[in-house]
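K.L.:
I have a structure here, written as structure tokens, and I will follow up with some questions on it.
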Amino acid sequence: MDVYNSYPAFIAVLIFFLGTCVFSFLNVIIYRVPRKMDFIRGHSICPACGHQLGALDLIPIFSYLFLGGKCRYCKVKIGARDTFIEFFGGGAALFCAWYYKEKPGAALTVFLFFCILTVVTFMDIDTMEIEDGCWIAVYVLAAAACFTMPEISFVSRLIGIVCVSVPMLLLTLAVPGAFGGGDIKLMGACGAFLGWKITLVSAFIAILFGGMWGIGLLLGKKKSRKDHFAFGPFLCIGMVIGLLWGGQIISWYMGFLEI
């Protein structure tokens, strides 16, 4: 009997904790990279008072709860976003381990994909930009996925690179500002990871959710028609939904057409 079957609760807690640790590091990347700070070296500091944080201040989730959501030193309230990201990371790790329990290589690949999408989402929210390193990392991951997720053919991945990104590029050339360059590059890279069918589903979901969000901003008079909003998060949401349920969505749609 393997370790997982012998101690399932312990393994689940361990996987969750490791996921929170990885996503805690992603918080560092999200904060430092746009500010051109070194995210490998250097100590974490309180953004309010600049005090260097100790080990007890950096335990994912627990430090935030133990300190009551405040800095230990200046007592300034700390936003809950970082803790939410850490909690999501733990959940993502558990989900990948369960969903791909028979395919550990696929579990790790998809978890890393979720990592990149998380960085893209919050970095785009903060800066309205998607760093080149993000879509480059997806291409690297797509190359690995050729071996860990062989059910998506190489040809499908090649078509996926262009099936959405090229129309986005053409639309942007015709209507300047329709999409950002980072959005286009990200869709090309994710097409290589997901294959063309799931990429089309992901793009449709992203446009649907993004359109609803944009209409809501217009109706709430928080944005004008000339203003832009971060579309990267909606692309990421679309890709997660497409990855997990794209096959079912395609089957439902094809069945609907036969009615």
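Glycine is treated like the rest: Cβ placed from N, Cα and C.
Quick caveat, the model's predicted, so the values are computed rather than measured.
The domain 'Prepilin peptidase A24 N-terminal' annotation in TrEMBL covers 18-99. The domain 'Prepilin type IV endopeptidase peptidase' annotation in TrEMBL covers 111-215. What TrEMBL lists as transmembrane segment is 6-31, 83-100, 106-123, 158-179, 199-219, 231-254.
Explain the structural surroundings of these features, please.
P.N.:
Remote same-chain residues near the transmembrane segment (6-31) are listed as 37, 39, 44, 47, 58, 60-61, 82, 85-94, 97, 111, 115, 118-119, 122-123, 126 (criterion: CB distance under 8 Å, separation of at least six residues from the stretch ends).
Listed by sequence, the residues of this chain that lie at least six past the ends of the transmembrane segment (83-100) yet keep a Cβ under 8 A from its Cβ atoms are 12, 15-24, 26-27, 30, 60-61, 64-65, 106-108, 110-111, 114-115, 118, 122, 244.
Non-local neighbours of the transmembrane segment (106-123) in the same chain are 19, 22-23, 26, 29-30, 33-34, 81, 85, 88-89, 92-93, 96-97, 99-100, 129-131, 134, 137-138, 141, 144-145, 148-149, 186, 193, 232-233, 235-236, 239-240, 243; each lies 6+ residues outside the stretch with a CB under 8 Å from one of its CB atoms.
Proximity of distant same-chain residues to the transmembrane segment (158-179), defined by a Cβ-Cβ separation under 8 Å and at least 6 residues beyond the stretch ends, is recorded for 185, 187-196, 198-200, 202-203, 228, 231.
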K.L.:
Per DSSP, what is the helix/strand/coil residue tally across the domain 'Prepilin type IV endopeptidase peptidase' (111-215)?
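P.N.:
Breakdown, helix to coil: 88 helix, 0 strand, 17 coil.
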K.L.:
State the non-local partners of the transmembrane segment (199-219) in its own chain: residues 6+ outside its ends, Cβ under 8 Å from one of its Cβ atoms.
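P.N.:
Apart from its flanks, the transmembrane segment (199-219) reaches 160, 163-164, 187, 190-191, 225, 227, 229, 231, 234-235, 237-239, 241-243, 246, 249-250.
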